[in-house]
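Everything below concerns the one structure shown next.
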Amino acid sequence: MCLLLGATGVGKTLLVKRLQKLSSRDGKGDLGDLPPTRPTVGTNLTDIVAQRRITIRELGGCMGPIWSSYYGNCHSLLFMVDTSNPTQLSASCVQLLALLSAEQLAEASVLILFNKMCSEKRLSVGVNVLCEEILELGR
């Protein structure tokens, strides 16, 4: 099971829909127009079939306080950060540190996705600092 976590509105649902589109067997492989999305309240399970089947469990950002109850079956973790939202960036750092410190996730592979990097509002300096802090944790 792959957990997809991040604050509300960072783009988790859109990512899953795009991955579904790219892995579909319709032969097109293009992304087309942006699909409609709504904030996830609760959890969504999605199977992505590419070279193998991957089940992604997306948890809504509002479920942050109970994310830990879903760590048990997690083999990989996708954590998404909105680089255009300064208020959310600091909260995301706190959430990420909690995830990286969780014993149940010690063996899980982790991918951190920095979303909305094309936005004029992005915090490139803040993201650079965050990346440096994450690298320090790994040493």
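Residue numbering: from 1, along the chain as shown.
Using N, Cα and C of the backbone, Cβ positions are placed for all residues, glycine too.
Going by TrEMBL, these are the annotated features:
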BINDING   GLY6, ALA7, THR8, GLY9, VAL10, GLY11, LYS12, THR13, GLY61  GTP binding site
BINDING   THR13, THR40  Mg(2+) binding site
*Only counting partners 6 or more residues apart, tell me which same-chain residues put their Cβ under 8 Å from the Cβ of GLY61 (GTP binding site).*
GLY6, ALA7, THR8, GLY9, VAL10, LYS12, PRO39, THR40
*Three states by DSSP: which one describes LYS12 (GTP binding site)?*
helix
*asked:* Which secondary structure state does DSSP assign to GLY6 (GTP binding site), in the simple three-class scheme?
replied: strand
*Might you list, by sequence position, any residue in that chain lying six or more from THR13 (Mg(2+) binding site) with a Cβ less than 8 Å away from its Cβ?*
THR37, ARG38, PRO39, THR40, ASN44, GLU58
*Which three-state DSSP class does GLY61 (GTP binding site) fall into?*
helix
_Largest inter-residue Cα distance among GLY6, ALA7, THR8, GLY9, VAL10, GLY11, LYS12, THR13, GLY61 [record-listed GTP binders, Å]_ = 12
